[in-house]
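J.: Encoded as structure tokens, here's the structure I'll be asking about.
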Amino acid sequence: MANATQTQTEVYLFEQVIVLFSCALSFLGSSLIILTYIIWSDLRTTPRKLLVYLSVSDWLSAVSYAFGVWSVFRTNSGECVAQGAISTFANTSSFFWTVAIAVYLYVFIVRANQRVADSLVLVFHLVSWGIPLAITIAAVSLNKIGYDASEVSVGWCWVRINVQDRVLWMLLTGKIWEFLAYLTLPFLYILIKRHIHIAHAALSEYRPILANRPPAHSFSSMADVKLTLIPIIFIVLRIWSTVRFILLLADSSVRQNPALVTLHGIGNTLQGAANCVMFVLFTQPIRTRLCAALTSCSQCRAEAQRSHRLLPEQDATARREEDGTERGHADR
């Protein structure tokens, strides 16, 4: 394994710019998911509520990673430790919430037991917030969080580069949960997709009977089905971080390759934006409401501008009409 005295992985300016842009997209995307949930009460289904909790984790990750990428810490400063602690908690929590969503969908869709699925939400909270918090507190208390020379990061702080048991703490503060997610998510995802495929095949026999059924329910069902894509997004984005970790264990300098470092930075910070694209921009009921809200705001602004930009002759004409009306009332 690489020793702790080697030079740090260089984080170039173009890498910083790209990763900061990714953080900004994730920040905006996570914020939009949370805001749409708050604004429209009829969209507050349990699956979307779980997506909001995931978005809170992604929001914290985006903010803390952006601060780390902007700063590119080189010492175990207090800011470095604070940033590393927040990103460790948020990143680990994101792993747990991603798995929690897959478990919920499995129970709700495959087992067809909404009562049991809803009862698991409290357990999800205890696990998805509690375990990351306990691990983070332990890591900070034992001085394991700090400057990591960007060996398995992109400028931000994580497990200190000079601790003897850093691989153990890298596993505890993220990697072991990442590996477990890689195993759990595809398994649950395949079961869910298989069940949906069988259900659609069975439903096709009754499609002529159900042809006139109102489509209102189909929109929310489609949104719930889309949640099954979260594990796929998770794996595609997170794999680059895993590759760099394995290369670190193998003491390979390839982990410092700028392209790999950039992909790692994007993958660790873009999940909030990817979720927003799928579950806000590509979800018709929400997209329609957003477009209507934006159009309404645009129309209001246009009307306000028109009212303040009357031509002098139009303004004079309006005043003459008002004066004529007043005189008419006086004569009567």
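Any Cβ shown, glycine's included, is placed from N, Cα and C.
The shown structure was predicted, so the numbers you read here are calculated from the model rather than taken from an experiment.
Reproduced below are the annotations present in TrEMBL:
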DOMAIN    15-172  domain 'G-protein coupled receptors family 2 profile 2'
TRANSMEM  17-38  transmembrane segment
DOMAIN    29-282  domain 'G-protein coupled receptors family 1 profile'
TRANSMEM  50-73  transmembrane segment
TRANSMEM  85-108  transmembrane segment
TRANSMEM  120-142  transmembrane segment
TRANSMEM  168-192  transmembrane segment
TRANSMEM  227-247  transmembrane segment
TRANSMEM  259-282  transmembrane segment
REGION    311-332  region 'Disordered'
J.: For the transmembrane segment (85-108), which partner among 17-38, 50-73, 120-142, 168-192, 259-282 gives the most CB pairs under 8 Å?
T.: 120-142
J.: What residues elsewhere in the chain lie close to the transmembrane segment (168-192), defined as a C-beta under 8 angstroms and at least 6 residues from its ends?
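T.: 88, 91-92, 95-96, 98-99, 102-103, 105-106, 109-110, 135-136, 139, 144-145, 152, 158-159, 228, 231-232, 234-235, 238, 241-242, 245.
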J.: Would you kindly check 50-73, 120-142, 259-282 and say which stretch has the most C-beta pairs under 8 angstroms to the transmembrane segment (17-38)?
T.: 259-282
J.: Who are the long-range neighbours of the transmembrane segment (259-282) in its own chain, taking Cβ under 8 Å and residues 6 or more past its ends?
T.: 9, 11, 14-15, 18-19, 22-23, 25-30, 32-33, 36, 48, 51, 54-55, 58-59, 61-62, 65-66, 69, 91, 94, 150, 153-155, 223, 226-227, 229-230, 233-234, 236-241, 243-244, 290
J.: What is the pLDDT of the domain 'G-protein coupled receptors family 1 profile' (29-282) when averaged and given as a whole number?
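T.: Mean pLDDT across the domain 'G-protein coupled receptors family 1 profile' (29-282) comes out at 87.
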